[in-house]
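Chemist: Before I ask anything, here is the structure I am working with.
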Amino acid sequence: MDRASELLFYVNGRKVIEKNVDPETMLLPYLRKKLRLTGTKYGCGGGGCGACTVMISRYNPITNRIRHHPANACLIPICSLYGTAVTTVEGIGSTHTRIHPVQERIAKCHGTQCGFCTPGMVMSIYTLLRNHPEPTLDQLTDALGGNLCRCTGYRPIIDACKTFCETSGCCQSKENGVCCLDQRINGLPEFEEGSKTSPKLFAEEEFLPLDPTQELIFPPELMIMAEKQPQRTRVFGSERMMWFSPVTLKELLEFKFKYPQAPVIMGNTSVGPQMKFKGVFHPVIISPDRIEELSVVNHTHNGLTLGAGLSLAQVKDILADVVQKLPGEKTQTYHALLKHLGTLAGSQIRNMASLGGHIISRHPDSDLNPILAVGNCTLNLLSKEGKRQIPLNEQFLSKCPNADLKPQEILVSVNIPYSRKLEFVSAFRQAQRQENALAIVNSGMRVFFGEGHGIIRELSISYGGVGPATICAKNSCQKLIGRHWNEEMLDTACRLVLEEVSLSGSAPGGRVEFKRTLIISFLFKFYLEVSQILKKMDPIRYPSLADKHESALEDLHSKHHCSTLKYQHMGPKQHPEDPIGHPIMHLSGVKHATGEAIYCDDMPLVDQELFLTFVTSSRAHAKIVSIDLSEALSMPGVVDVITAEHLSDVNSFCFFTEAEEFLATDKVFCVGQLVCAVLADSEVQAKRAAKQVKIVYQDLEPLILTIKEAIQHNSFFEPERKLEYGNVDEAFKVVDQILEGEIHMGGQEHFYMETQSMLVVPKGEDQEMDVYVSTQFPKYIQDIVASTLKLPANKVMCHVKRVGGAFGGKAFKTGVIAAVTAFAANKHGRAVRCVLERGEDMLITGGRHPYLGKYKAGFMNDGRILALDMEHYSNAGNSLDESLLVIEMGLLKMDNAYKFPNLRCRGWACRTNLPSNTAFRGFGFPQAGLITESCIMEVAAKCGLSPEKVRMINMYKEIDQTPYKQEINAKNLIQCWRECMAVSSYSLRKAAVEKFNAENYWKKKGLAMVPLKYPVGLGSRAAGQAAALVHIYLDGSVLVTHGGIEMGQGVHTKMIQVVSRELGMPISNVHLRGTSTETVPNANVSGGSVVADLNGLAVKDACQTLLKRLEPIISKNPKGTWKDWAQTAFDESISLSAVGYFRGYESDINWEKGEGHPFEYFVYGAACSEVEIDCLTGDHKNIRTDIVMDVGCSINPAIDIGQIEGAFIQGMGLYTIEELNYSPQGVLHTRGPDQYKIPAICDTPTEFHISLLPPSENSNTLYSSKGLGESGVFLGCSVFFAIHDAVSAARRERGLHGPLSLNSPLTPEKIRMACEDKFTKMIPRDEPGSCVPWNVPI
């Protein structure tokens, strides 16, 4: 046994040898910090986002095969990599050598925006292609199931994937026996001149071919080592931990005997997150990944024996092969396992996690254990004392001592028996998201009839997610033995199971009534499945299912993704080299795909750099009694702990009307408030020390978390805002009907893929400070840092190359973090880096404001709304931040597309004990618009009219005035509405939906269409000014810089297009380095959909200034080149640099009068969405979405369509699955992708069609273009209202005809519980106040 083992592996074809390996080191930081391969990104640290995906390759000398699989680098201990080859995004291609076809296609198909997730996407696709050079679309979408993107909406990524399929342009799903390529494009009609309809925005014939022979080979040295080098046990150790990797089963047993408490890990997908997130520490780790006996696959006459070391992906492949070869009656359990293996985690985790690890971990929401438990599986155990076999039953799953592994035992293999004739096994699960999400409830069920006539001989039912362990309803099953399989038995079974599988009202995870309902809904599904099989086997003996029940057995509508894009086509008069209006690729797209794009934390380490990490409050409202820093300061590598006392008189900064503390002084007002900051030599040391800071609190009253609690305590920020138009009170006197209602809307986490990141570097002279930061607002960072350091702003320079997503979340809270980081750097004269972990980021930074909307509407029987009185309440959190502006924008935009002749709307920002909420894409409109649309829905229901008819009746239709007296021309609004009606075939599909609903009791479809009027502008001229700087060099090349931030919206690409048009030179001649307060001072925040508008006009101004100077030179030498002209200008002492400036639009709003001109123009649009829901589980699927948008004249249709799609998917997440959970004490439960679910590739519409209106004049803007970044978020509510329509259909069929009020997000829980039926009535209900709930609806 080597006591000081060397670690040898390969990275991108290069040998790596490490002599002093720390077993706690994961591959991700090793790649990024040690090898400087920064293309692999940190996104969450827990394997939930896919940003750190790499390919791991291993050679098996026994099979003589190389296995490639994707893996999450954040979870891979480098000690486990001996003898492997690691391939990162840098290893498959680069701009310096040759880019790989995967990299090229994802870039040219416009599959990148901010680009932070792109390397992970690339590596997932690449790994699949190494194993399957011509994959199916199913394989590709499955490969991307573990990768998240917050920007694109996934459609262009899917398009890039399709190019590798054998039939790349086809959706691979024939309708009426005809390929989609042989039909008209998804039934879309041809449109007028000026538009082009296409399924794609790229030229596939330009792509590099995929050539498997050109891939990086597996290192021959590793093959020789595996075949010829004697295998030895390897030992790696540090001061804190030892890592043992035995080579034989005997050695493994010896280690386990010596270290009985040491965990045995294969993929580190369970132990790793526990150590990282839950503070669990193991001084000894045993890794048996080379032991052959743990990878056994034996076929016996009784069933399969699978080695505990097999990965879940390998188990899936083995079972898929078995079910193809064996008769169905033998493979019931295998089919059930395959069903859950298809959705369990993502491809990376399935390839890392082992079968044995999944079983032994015994997570209460395990997807496989309930199936294995009912399948009579047994576990083969081994220790130095000998072999033992135990059943995988409830006693084992609940860790009963007499049924568990002994500390010195290991799990060698699992026996999974064949099913028998007349034995049926099924599996069920429901999660917040369809794939890569832990189950809320899951279940395995088995019944055996023997040779009886439908009489139950054996019955097993197990549930996960409903207790601290998997629960088996053993007593219920025993009481049902001997019963006939009929509805009477079902009713008894439901009652018995509900009694046995009881859930406390305060059960962890919440959703208690939903879980109780799922328990018996799954049982009902199982009953129907078995009944249908029995009927098919013996139609005479067994009765047919009632027609209405058949739909319960069908999966939700699902086909392969397909899309069409209708975009503007440039006219014949435009110069062929003019790039404006062309779908030009994001100019950083290839760098995103190769990993060469540099983000803040990708910057190299600075000499003597320190790392800063924050200590945050664990109480929501408390007095700080004491802070003990002694233990933290005594730890190795710790340099300092910064407190409010150090900051003293610079411990606050005034954002708008009130100052906010950086670090808490004597009180805390939310969980997650910054208390102090630890400085250490490394990130690891800083984080360990932060855990040792001891803070004593004394709780204070009141604790206010919700809007209703704020109203009760009169806890508001000043001032109240009010908008009034017409005479509301008089109008209420003349209407036919009046209704009152309210809707609550939850918040939303920004979930930008790149967390808050910065590096502050003291320059060493004149007190200068460079701040490299991921922010939307460099000027603000400059101001707050300068103020904190008591320096003039000219000593602080803020630099932003690019931002890995922001959505409003990287402005003001980023400034607080930067101020403390800069203070630390200034105090110690050393560079300081601060990068928040995902959980810290979600805890500290706040997000979209939760809203409560109350409305009173007066309307006529024909649907005309004559009076509307509204109240808007936002949950601002503990400080004002931008909450007042959010309320103001919500009020100004609440009318959406409708003319309300008499309107009164008031808004309040509620002060609560939550982290301060802030700006978020849409800035109040997604909330305010939903309130208005909910009112429209209720008016329609009262009038007996369709919501779409009521929408059209009340819509702006011509030149009119908004409630704040700004003129509006609604021509394009009506055109969007009518075209959306046409392209979506709304009337035909509405009839089809009604027909479907009439024929299906347990599945329902819904169809909804919403209009959009989105005002664009910042409310004041000062906020809309912009500047740019353009240099022409003597070789004729151009450098441009401007005040806008590139955060995925493509503003830099558009600015280069502007320079190209104005100066008449190719795009390749123009370069843009980034944004800096050094080159463009005093730039406003990048947001509000106006970044390209404002900065583009400044760039245009600078270019025109240069052209005017150079006009005499160019006219004398019209055939010259830019190099010639630049040299001549230099020789004649003509400046080749110009500053461009735009003053901003004339904007204002007088809140006292409630009138003004706050916006420059309006974006119009419409969206139609169709969904299908499962009434028994609350699951839903977005079948199709059609969006029509007015974009004026698009500067770049590829970028604009990307913004529309990305915003829509983000909005869809907001209104459906994204749910923040807080404890009654104000602690955020949802702190990462495991708990908080943003849309994944499985959530995108099966059909996604985008249409841009033909070009239209928008005279005051850049080339008549319109900003689109924010408006599309609201269109996601078309999915919300389609679900509402489906739920309403279900309720009507069940005799429930009253008003339906559904809050947002419309999660599976809310959908299921709104579809009331006999099962929802059967469950026990907790009396209000009888228990303390796990979570509080914020």
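Keep in mind that glycine also has a Cβ here, set from the backbone N, Cα and C atoms.
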Chemist: Looking at Swiss-Prot, which one out of A226, A320, A345 binds FAD in the same site as V264, I265, M266, G267, N268, T269, S270, V271, S354, H358, D367, L411?
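Modeler: Matched candidate out of A226, A320, A345, per Swiss-Prot for FAD with V264, I265, M266, G267, N268, T269, S270, V271, S354, H358, D367, L411: A345.
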Chemist: The Mo-molybdopterin site in Swiss-Prot includes Q113, C151, A806, F807, G1088, S1089, V1090, V1091, Q1203, L1268. Which of M769, M842, M1047 is also listed there?
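Modeler: Candidate in the recorded Mo-molybdopterin site: M1047.
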Chemist: Look up A345 (FAD binding site) in the DSSP assignment and report helix, strand or coil.
Modeler: coil
Chemist: Report the nearest neighbour of L411 (FAD binding site) in space among the recorded positions S1068, V1091, L1268, E1270, comparing Cα positions.
Modeler: E1270
Chemist: Using the residues the record lists for Mo-molybdopterin (Q113, C151, A806, F807, M1047, G1088, S1089, V1090, V1091, Q1203, L1268), what whole-number Å value is the largest Cα to Cα distance?
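Modeler: Among the residues the record ties to Mo-molybdopterin, max Cα distance equals 18 Å.
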Chemist: With DSSP as the yardstick, break the domain '2Fe-2S ferredoxin-type' (5-92) down into helix, strand and coil residue counts.
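Modeler: Tallied per class, the domain '2Fe-2S ferredoxin-type' (5-92) gives 19 helix, 31 strand, 38 coil.
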Chemist: Show me the subset of M1047, S1089, E1270 whose Cα is within 10 Å of V264 (FAD binding site); these are the recorded positions I mean.
Modeler: none
Chemist: Find the shortest Cα-Cα separation between H358 (FAD binding site) and the recorded positions Q113, M1047, S1068, S1089, and name the residue that gives it.
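Modeler: When the Cα distances are compared, Q113 comes out closest.
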Chemist: Counting every protein chain present, what is the number of Cβ atoms, excluding its own, within 10 Å of the Cβ of V1091 (Mo-molybdopterin binding site)?
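Modeler: For V1091 (Mo-molybdopterin binding site), the count of other Cβ atoms within 10 Å is 28.
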Chemist: Spatially, which candidate from the recorded positions N268, S270, E1270 is nearest to S1089 (Mo-molybdopterin binding site), comparing Cα atoms?
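Modeler: The smallest Cα gap between S1089 (Mo-molybdopterin binding site) and any of the recorded positions is with E1270.
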Chemist: In the predicted model, what is the mean pLDDT computed over the domain '2Fe-2S ferredoxin-type' (5-92)?
Modeler: 97
Chemist: Just name the winner among V264, M1047 (the binding-site residues) by count of other CB atoms within 10 A of its CB.
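Modeler: Its Cβ has the most other Cβ atoms within 10 Å: M1047.
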Chemist: Check the binding-site residues Q113, S1089 for other C-beta atoms within 10 angstroms of each C-beta and report the one with the most.
Modeler: Q113
Chemist: How big is the Cα-to-Cα gap, in Å, between N268 (FAD binding site) and A806 (Mo-molybdopterin binding site)?
Modeler: 31
